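Let me begin by presenting the structure, written as structure tokens, before commenting on it.
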């Protein structure tokens, strides 16, 4: 046993030496990159690279999945409250003064590349020519007009979306919403083999665009703080931010949740509230809230040991998932940021670049910080508060008559008899927004639809109606044109446009 212990000690010493060497090599490379920064970018680049260095250090320290499965417990009953209970408290007369303490923050760092678009995802047209950003501004403007308040909108951009977003913001200069932006950090991608940055200098245009990445939305705490905007908003008397993804059209300001935060029934304010909702089979990969070492903790699928992944996906054991709609106290962000006490697990995101080079990105997720805050709470909200548009299948749902649009907010049409959203799967011919739009002369009537699967070269004429389960499959080389005015109810349409009863 003595020799075994010695060899283990030897191995860990050896690993420590390698770690130190990797860290030193990384420092040398980052110093070279920093030396290429023009003087007006020096301070900013230095902050970014310091943040990256800390993340890289932690990445080298950590081994394997970051949760001990044996310690995961179900959250205590009162740590996840049903939305109905919070709504039942009603609203105070002075709701305007409560609203004036709120800031809406939208995560706007993503490009629409997964939907075949080049610019910021927030500028994709979603409904009646309105983009995600248009709808967001309309929602907040409606709030400010209705209650005579001053709720500002803050966009966290990335270096990918900042220029295009700022250009478009001019169009809202007369709207009744103050809009601020700040940029999340810019970190260097790492060569998977050498664990060194692939960037040779600070530029990120031309062929260098692939050398850099925004490090996930967990970066919000440091970037918000470093931008100076956090302090400014605290100085204006703001107390909470409501953070959500800009592509989640269900994430509107909820007055009942805000009132619960500002006027808690037990007198003790929450510093962090995560909206969760019930899992369906479509959400099995979503992060879930658990009790871990006496704290609420968000566990993502990437952190789960392989042997337990199926258990993690179980809808019966883990019934809820994180919508990424979060309510966070500004003073708590400031306190934790100044103590360097926000702890988020590292997500290692492998990518293959166009030239075939394998790289990794080190990222963090905003919700993972829940365990660093005091008196955190989950609120189990209706599914209608989670309406993300990640694909053209999602886009078809929100463009259809399933939803009515009112003051920038989408609500399920009262004409739909069941509250669930249909399951829609559009094939690869519909992946890009421009292809998708070309294939629909008008968006079909989907009020009575349960399930739609479309695969292959399929187009839809005007005023098509889809009901029940509809499956349309054009085989390779075939094309199916659904004629104008067609009503498909529980139908399978295949190959040569034969229509079969399903």
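Each Cβ is built from the backbone N, Cα and C atoms, and glycine gets one as well.
Feature list (source: TrEMBL):
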type	residues	note
BINDING	121, 184, 216, 247, 390	UTP binding site
BINDING	217	substrate binding site
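Spacing of residue 121 (UTP binding site) relative to residue 217 (substrate binding site) is 15 Å (Cα to Cα, whole number). Cα spacing between the residue listed as 'substrate binding site' and residue 184 (UTP binding site): 8 Å, rounded to the nearest whole number. When Cβ neighbours within 10 Å are tallied across all protein chains shown, the highest count among the binding-site residues 217, 390 belongs to 217. Across the residues annotated as binding UTP (121, 184, 216, 247, 390), the widest Cα-Cα separation comes to 21 Å.
Within 10 Å of the C-beta of residue 121 (UTP binding site) there are 24 other C-beta atoms, taking all protein chains into account. Within the same chain, the residues at least 6 positions away from residue 216 (UTP binding site) whose Cβ sits under 8 Å from its Cβ are 347, 349, 363, 364, 365, listed in sequence order. Residues near residue 247 (UTP binding site) in space but far in sequence (CB under 8 A, at least 6 apart, same chain), listed by position: 110, 121, 122, 132, 388, 389, 390.
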